[in-house]
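Marked as ATP binding site by TrEMBL: GLY24, ALA25, GLY26, LYS27, SER28, THR29, ARG130. As annotated by TrEMBL, Mg(2+) binding site applies to SER28. TrEMBL lists ASP46, ARG70, GLY92, ARG146 with the feature substrate binding site.
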Amino acid sequence: MVSGDAGYVVHEGCDHIFFVGFLGAGKSTLARNLGSLFHRSHVDTDRLVERLLGKSVSEVFAEDGEGAFRDAETGELAALARRKSLLVSCGGGIVERSKNCGLMHEMGVVVYLEGDLADSLRQIRCPERRPDLGSNAHAAAVLTRRRPLYEEAADITVDIRNKTFEQVALESGGLLWERGLL
Ligand SMILES: Nc1ncnc2c1ncn2[C@@H]1O[C@H](COP(=O)(O)OP(=O)(O)OP(=O)(O)O)[C@@H](O)[C@H]1O
Ligand SMILES: O=C(O)C1=C[C@@H](O)[C@@H](O)[C@H](O)C1
Ligand SMILES: [Mg+2]
């Protein structure tokens, strides 16, 4: 990214914005909402993988295993290099592979929705339909292990604790706008 003569920001190459964070943090809702507000296209890596493999994420995990899901996820992420100016909501485990973090930084900026397990549980309306969340103890352990990975990946961090989707959208939109990214 460089500054243009008139002081505005000129994006060179890929200028995607990636939203990362734990399950239920609100990544998909935020990327969709900002997309409508700022007329930017939105894609979701979980939906891209489902379209590629022709089945739901939970079916992929059950029938093909997590490795197959992660391979498809990395492939779909890398393919975004051919597109421009996307708002990308990522699967909660995108930071599990350091290659994915490298790809995101090559293609744009990473926004981390930072919260606690309580924020995910508050937002996920039907936890029984989210087998990937597992028991609260399991989810808490995964979040503890992943937190440093999210922090390392983050260019911008938004604290989502006890905030509504609207508050998070306003705050993130403001942070991205003032940096010339939206
Ligand atoms: N406008 C809304 N009002 C209330 N609840 C909502 C709204 N939008 C989404 N939710 C609920 O909040 C949960 C988390 O939102 P969202 O799907 O955006 O998070 P995510 O970080 O993308 O989660 P995932 O890990 O499932 O990809 C969803 O399970 C959904 O049921
Ligand atoms: O946190 C995770 O590991 C996952 C989160 C979902 O978005 C999906 O990408 C999948 O269920 C794995
Ligand atoms: Mg999502």
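Keep in mind that glycine also has a Cβ here, set from the backbone N, Cα and C atoms.
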Exercise. Inside 8 A of the center formed by the CB atoms of GLY24, ALA25, GLY26, LYS27, SER28, THR29, ARG130, which other residues of the chain have their CB, for the recorded ATP site?
Worked result: GLY21, LEU23, LEU30, SER89, GLY92, LEU113, SER120, GLN123, ILE124
Problem set entry | Within 10 angstroms of ALA25 (ATP binding site), Cα basis - binding-site residues out of ASP46, ARG70, GLY92, ARG146 | GLY92
Seminar exercise, completed: For ALA25 (ATP binding site), the three-state DSSP class is coil
Problem set entry | Those residues of the chain, 6+ apart, with a Cβ under 8 Å from that of LYS27 (ATP binding site) | PHE19, VAL20, GLY21, SER89, CYS90, GLY92, LEU113
Exercise. C-alpha of ARG70 (substrate binding site) to C-alpha of THR29 (ATP binding site): distance in Å?
Worked result: 22
For this session: Go through ARG70, ARG130, ARG146, the listed binding-site residues, and name the one with the sparsest Cβ surroundings, counting other Cβ atoms within 10 Å.
Result: ARG130
For this session: Consider the binding-site residues GLY24, GLY26, SER28, THR29, ARG130 and say which one has the Cα lying nearest the Cα of ASP46 (substrate binding site).
Result: SER28
For this session: Give the residue from the binding-site residues GLY24, GLY26, GLY92 that has the most other Cβ atoms within 10 Å of its Cβ, counting over every protein chain displayed.
Result: GLY26
For this session: Enter the number of other CB atoms within 10 angstroms of the CB of ALA25 (ATP binding site).
Result: 27
For this session: With ARG146 (substrate binding site) as the reference Cα, tell me which of the binding-site residues GLY24, GLY26, SER28, THR29, ARG130 is the closest one.
Result: GLY24
Exercise. Near THR29 (ATP binding site), which residues of its own chain have a C-beta under 8 A away, given they sit six or more steps off in sequence?
Worked result: PHE165
For this session: Rank the binding-site residues SER28, ASP46 by the number of other Cβ atoms within 10 Å of each Cβ, and give the residue at the low end.
Result: SER28
Exercise. Tell me, by DSSP, whether ARG130 (ATP binding site) is helix, strand or coil?
Worked result: coil
